[in-house]
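Asks: Below is the structure I would like to discuss, written out as structure tokens.
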Amino acid sequence: MSTAATLIRLRWALTRATLRKSPWQVVAFVIGVVIAVCVVVGTALGAWGVGSMSPMGATGPVLLENGDYRFLRLFSVFLGSIITFMTGFVQLMMLGEGSTMSPKRFALYGIPDRELQFGLLAAGLTGIPAITGVLSFMAWSLAYRGMGIGAVVAELVAAVFAVVTITSIAKLLISLATTLVTSKRGKSLFYIVILLLFVTICQIPNILVNSGVMDDLAPQARGQVAYAMASLLAWTPFGAAFQLPFDVATGAWGACLARLALLAATWVVCFAICTWCLRHERLKGDVAGATVTAKGIGAFGWMPDSRSGAVSARLFAYLKRDPRQAPLFAMPLFFLVIFTVQSHGIHEIVWGALVMSGWMMLVAESNGLSYDGRGFAMQVIAGVPGVTDRIGRVRVYVGIIVAYMTVLFVAAAIITGDWSSPSGLLAGLMFASVGVAVAFSGLGIAEVTSCALMYPVASMDKPFSSPQGRMVAQGFFPFVYMFGSLLAMLPSFIAWIALMATGAFYGLYWLMIPVSLANGIGVLALGTWLGGKLLDARMLSVMHTLDSFASLQR
């Protein structure tokens, strides 16, 4: 227990040190606390409202299975299972294992594997997300006040069990991913699969509704299917904790004990596997992957023979080997598939995937210097001007945007059948042009934000890790790029409104092609110039920031 207490104190000491180091981290921390308080208060208010709707004082199993509480059980088990499942996926994709509290950082201290793993688990359970989860689940007990004091007390206890289960499953997924996926190619493929799987799961409700599968089922049959799924989830680690209050309210003590045993077994299994992964990493060490012999000089051989060409070649070489950015380049194809499934024969929906793809394609470049890391120091030492650096980066991404959008345009034309119609091709060309323009606009914004709104990212060798104490920055700063890229397209939006207001859009919609492209190219040119000037002004500050980020990745 002393080891666990020490690691808990260390976690918060590191957080305090981070807050003292940067005023922006203080702002982010305060925002995180405010969001956490809002979540807890909102859950309490919602639970009070739900509890007021339920029949007060009725606790019989008949009502629990057939009355209003039956729906409450369905909602609680489903929502709790989704939270448990999605938390693991989100942490695996975006957060990963905290690199500052990584087991590798404690390799020199001789802490036994089990004690270290238990301490890291305890440290994770004392963070703001875990505390917010416990308080929110406890606040949800207000929804059960009509079921009796036993159900309320059971929910208070189940809240702790639920958070322990969520944390254990999340750490299990990250430990397995970190231990079993070691090669850079494997990490890239794994990242792509995880991200696409996550988006697919999020789209399942829309796919089911839009596909018409549920239309053949009567409302009563739909309810029976939903209740059967809830009963099944209640016997899994994802939903067992959320079923406990209903077991207590109905007096199903056997089922209650069985679910408690299931939860305990889940914790033990997750802890044992995480400990095995920790031991495996310690025994294996940082074994280097297979040596790859480079043939020739790669992109340096065909990029322009200039300083900006060297920047382009280095960036291109990085992108080919970076597992952290690979999923973002797979998303456009996935968007096309999802939009096609939900289009119901409406061609404009399929073409809309090109606009969405252009918007999301360059999120990583909005923090591009952090992905470069200390490799950027070579340019600083060589005295590469900021504008030259921005031009070199823009050259690569413009090529990717144009090539990718061309592929998507051809694919969408084949899917919709518009390739056989001149008017259909013209409409598709308009969507493709808007998509390219949005991507150009986002690239221009990214060349500015990557010099100012920097946040730490996982190292290329450990893409499943996350720097300690920077979660709010990781979640907030990308939205600056996303909203900024749309705001920069305001002239095109005004032109669209003007065409719609005059009733000339359907005859002159092709005008959006030159208007949007001019808008996007203008924002790109302005962003490249401003980003270069900002980079020149903040060159030393950027290097200092990258050094501090690198210390978090060790």
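Positions of Cβ are set from backbone N, Cα and C atoms, glycine also.
Because TrEMBL annotations are produced automatically, they should be read as predictions rather than curated entries.
Under the heading transmembrane segment, TrEMBL lists 26-50, 71-96, 116-140, 152-177, 189-213, 225-246, 252-278, 326-343, 349-369, 429-455, 476-501, 507-530 (among others).
Distances, neighbours, how buried they are, the whole picture for these features please.
Replies: Under 8 Å from some Cβ of the transmembrane segment (116-140) lie the Cβ atoms of residues 3-4, 6-8, 10-12, 32-33, 36, 39-40, 43-44, 47, 76, 101, 103, 106, 155-156, 158-160, 162-164, 166-168, 171, 271, 274-275, 278, all in the same chain and six or more residues away from its ends.
Outside the transmembrane segment (225-246), and at least 6 residues removed from its termini, the chain residues within Cβ reach (under 8 Å) are 64, 69-70, 73-74, 76-81, 84-85, 141, 144, 147, 151-152, 154-155, 157-158, 161-162, 165, 169, 217, 252, 255-256, 259-260, 262-263, 266.
Tertiary neighbourhood of the transmembrane segment (429-455): same-chain residues 348, 351-352, 354-359, 361-362, 365-370, 386, 390, 393-394, 397-398, 401-402, 405, 408-409, 412, 470, 473-474, 477, 480-482, 484-486, 488-489, 492, 509-510, 512-513, 516-517, 519-521, 523-528, 530-532, 534-535, 538, 542, 545-546, 549, selected by CB-CB distance under 8 Å and a gap of 6+ residues from either end.
For the transmembrane segment (476-501), the residues of the chain that approach it from at least six positions outside its boundaries are 28, 31, 359-360, 362-363, 366-367, 434, 437-438, 441-442, 444-446, 449, 453-455, 508-509, 511-512, 515-516, 519-520, 523, judged by C-beta separation under 8 angstroms.
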Asks: Can you name the far-off residues of the same chain, 6+ from the ends of the transmembrane segment (152-177), with a Cβ under 8 Å from a Cβ of it?
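Replies: Hits for the transmembrane segment (152-177): 80, 83-84, 87-89, 91-92, 96-97, 120-121, 124-125, 130, 133-138, 140-142, 144-145, 190, 237, 240-242, 244-245, 247-249, 256, 260, 263, 266-267, 270-271, 273-274, 277-278, 464.
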Asks: At a C-beta cut-off of under 8 Å, are there same-chain residues at least 6 beyond the transmembrane segment (507-530) that contact it? List them, or none.
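Replies: Same-chain residues near the transmembrane segment (507-530) but 6 or more away: 387, 390-391, 394, 398, 426-427, 429-430, 433-434, 436-441, 443-448, 488-489, 491-492, 495-496, 499.
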